[in-house]
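In Swiss-Prot this protein carries:
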- Cys92, His95, Cys165: Zn(2+) binding site (BINDING)
Amino acid sequence: MNSPETAEYNGHPTGHVFDQARAEAAVRELLYAVGEDPDRHGLADTPARVARAYREIFAGLYTDPDTVLNTTFDEQHDELVLVKSIPMYSTCEHHLVSFHGVAHVGYIPGQHGRVTGLSKIARLVDLYAKRPQVQERLTAQIADALVRKLEPRGVIVVVEAEHLCMAMRGVRKPGATTTTSAVRGQFKRDAASRAEVLDLMMRT
């Protein structure tokens, strides 16, 4: 089996990199396990395709999400910054099927008025979503990264998602959604501020 790619730094705390050959071999074994022939027409290239897809789906494992927030601007802005309805796709770590939906991210800059680019917030969501996840942890990781890098007065993150592990198997309830929130700083202490930003998030 070929050796995996190597990198001086890839941002993942275990130092792992994606092993294409090993992933392909695993998909072949899975096809055998479910009673398929991975060498038949239509499946011959599937292990390579699936491995490449997983490399993209789990790209967040190989980049340090905090680096996305390295570029900040001292704008002396001390009011709410809110980015709503950021589309996101993640993978349930229990069944390795998708959960997808939207993230709403709001923060109040700290005493220096430090802000980051709006696209950086969307990128942060992507990098934490693109790994085996549970929705509760995903929501908290986004909030905690903003606290670490921006030192804001308050952060609130709300994620709304449909889980295919609940829609296509088990209880089979397509259309059911799960909402999680992570609240930090001023939004945690001040119920009025929290209610105001939640109202803004939920408006269409």
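Along the chain as shown, residues are numbered 1 onward.
Just so you know, glycine gets a Cβ as well, placed from its N, Cα and C.
Long-range C-beta contacts of Cys165 (Zn(2+) binding site), restricted to its own chain and to partners at least six residues apart, with a cutoff below 8 Å, comprise Cys92, His94, His95, Val97, Phe99. All protein chains included, Cys92 (Zn(2+) binding site) registers 18 other Cβ atoms within 10 Å of its own Cβ. In the three-state DSSP scheme, His95 (Zn(2+) binding site) falls into the coil class.
Other residues of the same chain near the Zn(2+) site, with their Cβ within 8 Å of the Cβ centroid of Cys92, His95, Cys165, are Thr91, Glu93, His94, Leu96, Val97, Phe99, His163, Leu164, Met166, Arg169. His95 (Zn(2+) binding site) has a Cβ environment of 15 other Cβ atoms inside 10 Å.
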